[in-house]
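Undergrad: Residues or ranges marked as [4Fe-4S] cluster 1 binding site by TrEMBL: A:52, A:55, A:58, A:102. Marked as [4Fe-4S] cluster 2 binding site by TrEMBL: A:62, A:92, A:95, A:98. According to TrEMBL, the domain '4Fe-4S ferredoxin-type' annotation covers A:40-72, A:83-112.
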């Protein structure tokens, strides 16, 4: 009769010396996997220019219509880049289609996941913000 | 009919068709790159290779191989796919991988083919070519590295447009399309953009503004000239991004001119009027709709009660739809109660129509008796409209004579058809008589130079030649009265006089007469160099007499400068006739339909209205209502118009822009443009087309809506709920239009002069030129001559890039021709010691202007050529309702030292 009780207490004692599974969020942040799909960001090339050429493919593929691109020409004939590049993270579903569609590898999902905000407009990220992320 | 087997299935085909055409007709897709259905095939790219039995043991191109009876064609096989892949990979050697930024991406035929043939790599290497990019040309950009040498642009420019501005340079591997110089010297119609399968030629105004798949496409009828071309408006989020054309439609076959392609951004121009304006303290200020409408109604009531309804006059618009024009003339006649209704087309196009109505009769339908009213059988149709030809008639014509028209500038679709007919060799002889050299003229088989203003005498000379040499051949062609009087008058006119007036001798006139007489299907193109003359009506009477003499054989083609030049005449915007060219005595019929009184007195013409408004004559005009008209853009004398508009007690304008006329108005209503108004437009070939009307600016209202609002406030309401309702009333009073309801008009429209085509289904009625018609033989005045005091002639012309004054706001027109020039022959400029760009003073009996000089070898000697489109070139100060005036040219350095 006492046997099972001791067995149970023994288990409890054993747990006390184990490493805890719970992460004390937000004091501690969880490390996400390499392939984690956070929100999109824009990349620069090695010269520091924005990689995006405003081809609109991400805008076209985006299933939740979160992306708006306004293109602009540059001084050279083959020069095209976005004047505006807006991602509405309130709409984004983190599917990563934009990253897959991009012919230039200019847009990628980062590993950030903290997106809770009190105001919606904070979630509308423009080009500068997306480049910083 | 022959039978061709394609991929094991038998299809019927006409002899002479190519394999490609048979396959396309039956929905079998053969990959192609250089083939374009609007162009003649050249078989250059060899992508369309097929296997043919019986035939050579190698693949043959489908686009150039004609079908034969019992031919067996295979379009898909392993060998063929291999060939196509290899060929495409070779083309891709020099093609840049810039699809993400190329505007063609998404609608690129090369991109589609690459995907279709599953090409993912390009294993070949070759010497790198250095492309000569062209970013300097206006409106068009060229990227030779994207070119696949399909020759489509070269073909469309040569065979349709007739500009031949693009051609191939070098040979073999280094072959490249070139425009000759660093920038393109062409008509900037952008047809090359339309046919280019890749992004080698692109629209600069569209560049990088949207991708092909994001655009919504809507069809529209071009609001510029009277050609009635179909445009495709491509919008993204309600914004017009570009204008293209579809190669599937029958009117213009996918070709449009620079006005339609590049100048349609006027719909979203920042200076468009969106609110009504009322003049308060000498300035036009925006007010609410209600206030403006009430104000106008009060003022009209006041003028009407004080001076009678005939103190009011109306000027309709060749830009507005048929419905707006119909409601407008009804508003003037029945609501205002005035007979003074006219339009600016009265200065040119309507002169020809008046002469045609006078000589060949009004459009009339005689119904068979004893039938029900709904589908009555037609017994007979008569009237001038039967003598007018369509664009399709030009396709069939074997001889085309152009007199008094700079066709390309007035109505380009006519030229495209003529160019195509010449290319097909169905048109054997193109004869052009004009006072200036044009590119189009150089493509003619025979051309003659007549003195400016001599177009009427050319027609007279041809008639004279016909009677002198025609003899027996003339018998049986025409049947009309007063032939003897016509003959006598022509005999009395000496050849010397004709030669003095035209500069062409008897031999040439007889030659032209003989060509017309021996041709089987001759066509005559007449335009504004004849109609715009001061005595254009008299000259046009001889055109009508020529139609009488040659009877049914000769087709007449009129050019129309504005989208609805023809339609506003059809709708009765003229003091000479009611809607449907009905005589003024027919007012009873209209009173019964309108249930309002219609004045029976003849009204004043446009020039008389302007004179009466300036205070001349016994009953001055005190109130003038204008729909979409800039009187300062016409050949009426500018000083006279200014005097008239300043004296008016009430000037109401319905306008899209605040043009110089509207700037003098007391009230301006913002109106929709013709592209935005739902309704119908009648092109220069009498083709009635439906405009679906896509609105770009919020605020402006349809012209007819504004008129109905005012009519209601004046206590004589015209209640129309929609354009379709107005159209059905038009059908009621003008049976020629009664072929479809407005929503049912087919995409290609209908010709109102071919009544049998649809509803009535029969051709059993007689379609004859009435033998009771009689020739009208007015005296023609000698064209203006140079004198010691006025050693030059001013010749008012038109620009290829501009259309009336509306195109001033268009991007294309502003880019291509920002400034009006006085054009001189280089030799004359040398004699006057002026250089290009220097200012000269031009003075006529009516006034004088200064203008910068342009040099052009095509301008006739001792002539100043200038057009009415430009705000900074007030040619109207020199003219007085005509197009040829003797002038004096003084280099300004002599007159005003320090200026230049």
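Including glycine, each Cβ sits where the backbone N, Cα and C put it.
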Undergrad: Starting from the Cβ centroid of A:62, A:92, A:95, A:98, which together make up the recorded [4Fe-4S] cluster 2 site, report each further residue of the same chain whose Cβ lies within 8 Å of that point, ordered by sequence.
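TA: Neighbours within 8 Å of the Cβ centroid, excluding A:62, A:92, A:95, A:98: A:40, A:58, A:61, A:63, A:64, A:66, A:67, A:87, A:93, A:94, A:96, A:97.
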Undergrad: Tally of helix, strand and coil residues over the domain '4Fe-4S ferredoxin-type' (A:40-72) according to DSSP?
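TA: Split by secondary structure, the domain '4Fe-4S ferredoxin-type' (A:40-72) comes out as 5 helix, 11 strand, 17 coil.
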Undergrad: How about long-range neighbours of the domain '4Fe-4S ferredoxin-type' (A:40-72): same chain, 6 or more residues beyond its ends, C-beta under 8 Å?
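TA: For the domain '4Fe-4S ferredoxin-type' (A:40-72), the sequence-distant neighbours (Cβ-Cβ under 8 Å, at least 6 residues beyond its ends) are 80-89, 91-93, 95, 97-110, 127, 130-131, 133.
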Undergrad: Give the helix, strand or coil assignment DSSP yields for residue A:98 ([4Fe-4S] cluster 2 binding site).
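TA: For residue A:98 ([4Fe-4S] cluster 2 binding site) - judged by DSSP and reduced to three states - the answer is helix.
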Undergrad: Could you tell me the C-alpha distance between residue A:92 ([4Fe-4S] cluster 2 binding site) and residue A:58 ([4Fe-4S] cluster 1 binding site) in angstrom, no decimals?
TA: 12
Undergrad: Around residue A:55 ([4Fe-4S] cluster 1 binding site), how many other CB atoms lie within 10 A of its CB?
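TA: Its Cβ shell of radius 10 Å holds 25 other Cβ atoms.
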Undergrad: Compute the C-alpha separation of residue A:55 ([4Fe-4S] cluster 1 binding site) from residue A:62 ([4Fe-4S] cluster 2 binding site), stating it in Å without decimals.
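TA: The Cα atom of residue A:55 ([4Fe-4S] cluster 1 binding site) is 13 Å away from the Cα atom of residue A:62 ([4Fe-4S] cluster 2 binding site).
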Undergrad: Against chain B, with Cβ pairs under 8 Å, which of the binding-site residues A:52, A:62, A:98 show up? Give them in sequence order, please.
TA: none
Undergrad: How long is the line from the C-alpha of residue A:102 ([4Fe-4S] cluster 1 binding site) to the C-alpha of residue A:95 ([4Fe-4S] cluster 2 binding site), rounded to the nearest angstrom?
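TA: The separation of the Cα atoms works out to 14 Å.
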Undergrad: How many whole Å apart are the CA atoms of residue A:52 ([4Fe-4S] cluster 1 binding site) and residue A:95 ([4Fe-4S] cluster 2 binding site)?
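TA: Checking the Cα atoms of residue A:52 ([4Fe-4S] cluster 1 binding site) and residue A:95 ([4Fe-4S] cluster 2 binding site) gives a distance of 19 Å.
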Undergrad: Counting every protein chain present, what is the number of Cβ atoms, excluding its own, within 10 Å of the Cβ of residue A:102 ([4Fe-4S] cluster 1 binding site)?
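TA: Residue A:102 ([4Fe-4S] cluster 1 binding site) is surrounded by 22 other Cβ atoms within 10 Å.
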Undergrad: For each of A:52, A:62, A:92, A:98, count the other CB atoms within 10 A of its CB; which of these binding-site residues has the top count?
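TA: Max Cβ neighbours within 10 Å, all protein chains included: A:52.
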